[in-house]
Amino acid sequence: MSTQLQHARDGTVTDAMRRVADREGRDPEVVREAVADGHAVIPANHHHDALDPMIIGRDFATKVNANIGNSDTTGDIDDELEKLHTAVHYGADTVMDLSTGENLDGIRTANIDNSPVPVGTVPIYEAVTRVEDVTDITPDLLIDVVEKQAKQGVDYMTLHAGVLAEHLPLTDDRTTGIVSRGGSILSQWMTEHGEQNPLYTHYDELCEILQAHDVTISLGDGLRPGSVADASDDAQFAELDTLGELTRRAWDHGVQAMVEGPGHVPMDQIRANVDRQQEVCDGAPFYVLGPLVTDIAPGYDHITSAIGATEAARAGAAMLCYVTPKEHLGLPDAEDVRDGMAAYRIAAHAGDVAAGKPGARDWDDALSEARYNFDWNRQFDLALDPERAQAFHDQTLPGDNYKDARFCSMCGVDFCSMRIDQDARDAGDDADDMTELTTETDLSESAAAEVNRPPTGTHDAPAAEQAPSPGDDDDD
């Protein structure tokens, strides 16, 4: 079967492209051209029946990925489906199952069966769980894992194929060395075997598998900087040059490709990083982790990274990988997922507003109008997180009568600036101008993409009892 890239190059507008066009408020032909040029991807495995197609590309609304998954100490199917539900409910455009513990197949298939958004994985994690030692990994094992996950319905896979043996000495003087799990695993394998990265040497064979199932390749940045001290160094950019080569080779196989990026980057270097990736990788979508702009705030890295993510989105990054408050500290739970998603939906939206994406500011205007009109219920409805917005308001003013009040508990009755301003205008010569100030933006007519209009996400809680049992896991 052909991939979305091959269909696009043949001039065919697929059903997935039409659905994407509707969600983005764009012409289907614009979508087809972006996919054909490699400037956008539609991760849509032929076997993912629950998928509602979406698009990742710099000319479209900025997307957000949420990482979920268990570890060797936590998590079962019910826990993971709760994280999936939380992530999608609060606006995740894709999720990555990064499980490294037990029941990998059961968790992965449950996520795919229940997820309306694309599901990504890092296949080398499963490979590690199937051997006694990292050095026991073989090219055949990696190929087997990739093929199995492709058949299960995984929509995109991170492959750290650009980490080459000759790059490793470039990391010797780093402050934090190699911080990518995939990158460190492959570094150990290459060092102990004295051989080249098997994902690189067997890349063409892997691409043939991905093409057969239309799995998008997400070229992992195994040498991304793990501290601002290591940002934009020779190791990072040597790998990036290889990722540019691998992007073009994926396209030659008809495989959709996006490229992953840092990491930890000072604010003043972010735009240059985005521009460099776009040039080296011929405009392939850039998928960035953060980046964190400072390293001083464990427990608040959803904030330090959302700052960098906003600038990355403004500069042209196509998708942001969220960071939760638990980053560098522990495995996130459902509440951490909620906080991470809020930070990154804000970052993506703010980046789109700053970049002038069509209709992106309409949501802001609608909420500002409701705020000025003291329409509390509409403010809650339009909020990024309606439940939290109303809960915070109702902590101090819980009564229904306060939903008609022209103040909140921040300023009280006498010091509300908007009430004072309205009263002054009503009493003055420009009272007729109030009509202009209280017009209401019609979001149903907005040109904004779906992700830049409320609600941010809706998702029925998955039926955990229908998920595969732990006994179904092939990895045990």
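Every residue, even glycine, has its Cβ placed from backbone N, Cα and C.
Take the substrate site that Swiss-Prot assigns to M96, Y125, H160, S180, R181, G182, D221, G222, L223, R224, E260, Y287: the candidate from N45, N67, N373 listed for it is N67. Cβ neighbours of G222 (substrate binding site) (same chain, under 8 Å, six or more residues apart in sequence): H160, G162, V163, I178, S180, G182, G183, S184, L186, S187, E239. The Cα of Y125 (substrate binding site) lies closest to that of H264, out of the binding-site residues H264, C411, C416. When the C-alpha distances from N67 (substrate binding site) to the binding-site residues H264, H328, C411, C416 are tabulated, the minimum falls on H328. When the alpha carbons of H328 (Zn(2+) binding site) and R224 (substrate binding site) are compared, the span between them is 15 angstrom. Among the binding-site residues listed here, namely R224, H264, Y287, H264 has its C-alpha nearest to that of C411 ([4Fe-4S] cluster binding site).
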